[in-house]
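According to TrEMBL, the protein has these features:
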| type | residues | note |
| --- | --- | --- |
| TRANSMEM | 71-95 | transmembrane segment |
| TRANSMEM | 124-140 | transmembrane segment |
| TRANSMEM | 191-210 | transmembrane segment |
| TRANSMEM | 222-244 | transmembrane segment |
| TRANSMEM | 264-288 | transmembrane segment |
| TRANSMEM | 349-369 | transmembrane segment |
| TRANSMEM | 390-412 | transmembrane segment |
| TRANSMEM | 424-443 | transmembrane segment |
| TRANSMEM | 486-515 | transmembrane segment |
| DOMAIN | 539-699 | domain 'STAS' |
Amino acid sequence: MEKPLEVTRMENNTSSCLLMERKTRVKINRKEIMLAKLRKSCSCTPQKLKNFLMDFFPVLRWLPKYRCKEYIWGDVMSGLVIGIILVPQAIAYSLLAGLKPIYSLYTSFFANIIYFLMGTSRHVSVGIFSLISLMVGQVVDRELLLAGFDLNDDAPPASGDGSLQNDNLSNTTAFNLTIAGINAECGKECYAIGIATALTFMAGVLMGIFRLGFISMYLSESVLDGFATGASLTILTAQVKYLIGIKIPRSQGHGMLVITWINIFRNISQANLCDVITSAICIVVLVTAKELGDRYKHKLKFPLPTELVVIVVATLVSHYGKLNEVYASSVSGAIPTGFIPPKVPEFNLMLRVALDALPLAIVSFVFTVSLSEMFAKKYAYTIRANQEMFAVGFCNIIPSFFHSFATSAALAKTLVKTSTGCQTQISGVISAMVVLLVLLFLAPLFYYLQKCVLACIIIVSLRGALRKFRDVPARYHVNKVDTLVWVVTMSASALISTEIGLLVGIVFSMLCIIVRTQRPRTALLGQIQDTSFYEDDSEYENLSTVPKVKIFRFEAPLYYANRNFFLKSLYRLTNLDPNLEAARRKKYEKKEKQHLKKGNHRTANGLGIGETTLQLVPKQIDFQALVVDCSSISFLDTTGVNTLKEILKDYKNLNISVLLACCNPSVIDSLKRGGYFGKDFGCMQEMLFYSIHNAVLFAKAQKLPADCSV
């Protein structure tokens, strides 16, 4: 088979042609490839089964190589510290999810165990995360409201010895109805965790089985930061009522942030003084400890367990001061010990929350993978994104059978993990053991823990996200469009809803990209003196104008959406619209013929025939060649090819050559298929150049009339 040749002209003092031989592409038989892959997938050998298991459970690869003497101390220390941090955070984040604290503890326990088995990152801490808890809580509240349950969670806590059985009895309400397949005995708490587990299962299926992680590529850094900041404002707003101890309805739907603040100011006179004082003290202590920890983190071997100390002290003060009985301060209530028997998530509930599961799955996957890649790069190892997708998916699928809700990696806990010497995910197992200890023995001790203390822990944990507001000026200085994307995403997430905010951010960022390709930068280029290089004449001083040649640069792909902008920019910068010029000439030629037929040797303008040429064109065309710099044109669609063919034809009618420079192979192939170079590509050597300078030298060598106005 004859190989295709590309003939282009390159100048080196003398005119010469350079033949560029394109590599012959081997024709791919996609059917054979698909069949081969299918046969390979369906075959089963002992070695293949072993590889599959070791790929699906990466722990089987690295655990036999574990360097116990080198790694064990760091893993144990980091595991204990994270476990101590996890307990108060799990109890606190249950407020965001609208669930009982026991379910948050279940979530923290199972997520660490499963990621230990399936994760490929050595350092990320997977478990309960404030943003994910908020998204779960919004769905739970909406479904409870639709089912007719009261969202008021400030009822007096049930008394009991903290056992699982007593708690189950106390949570069975008098709602005698069947909702979406749930048993009639199921009350508010049962229905809430049913919604949460169904949502979690669906999110896990979307990630681990349907593998929809590719959607995350459309989430830019600005969208993620704006989404996290907007959601943080929503989290902060939801906790204010606990801080000051007022009883207001939990707002649902769009505009929750505004409605909640209106209700807060309407009921501010009912603030509980005991909760206000407790909140003020806790926030001061927590913020001070965090700031000191950040300042002296290089001197501390491990972070101070401030949250745990605050919770222990606050629980003791609440218990012995009888703050619930005397001052009506809202407390956590009974937290049962042990494990509830596993239960399959309700299929009917999955159908109700399937749409909500998509943004939850995307956010969970994006945060986990981005953190995994960040720390893998920092500590010089690799992760497998596909396996991370499976790990995150199964961290949701399996725990959903054990009354747990959605999880993700969290930056704050991961930073603590690395700073305390974490080497492998053995530390996650240690953290899970600490949570297990609380689940089996210590959970009832948190009965008198005030909810305002939990709200303080949540709010202080938002410092990092809320500090993004300080970065806005620097972000604006770097890129104005990204700043606009951040502001729009943040505003939509806070003022409308988190899910709508994420969607708005993705759509708006994609629109920004489309607009930037629709109206890209265009320029006429001038020559850098005594060189063969050319740059934007409007941006740089002391550039030389090339006589009789215009060099036009278009900094975007040429496709249907920016075709008109391409033409308008070209005509404006060259100060010549070939269509208008051609129409003007035809008009005068027509008038001239009419006068000649009448035998009048003077034209319509009262001029002689010899003077007609000057009258046809008001001013002379000051160039004989147009060079189009295609270095920034990454692709052409059919409209783009037709546009170039159109300007080639239009300028040719005015005796102006159109030369293309710096085209990439994809653009050249599109032009060939579109017939730009003719049937046999015979004119290709006079139309296509590998550099602007070659095209300029060729244009100068062309023998055209000095007066190009014809």
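Just so it is clear, glycine is given a Cβ too, placed from its N, Cα and C backbone atoms.
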Beyond the flanks of the transmembrane segment (486-515) by at least 6 residues, Cβ under 8 Å: 131, 134-135, 138, 218-220, 222-223, 225-227, 229-231, 233-234, 253-258, 356, 359, 362-363, 468, 472, 475, 561
Whether the transmembrane segment (390-412) meets the transmembrane segment (264-288): three or more C-beta pairs under 8 angstroms: no
Two-stretch contact, the transmembrane segment (191-210) and the transmembrane segment (349-369), at least three Cβ pairs under 8 Å: yes
Selection from 222-244, 264-288, 424-443, the stretch that has most Cβ pairs under 8 A to the transmembrane segment (124-140): 222-244
Segment-level pLDDT (mean, integer) for the domain 'STAS' (539-699): 83
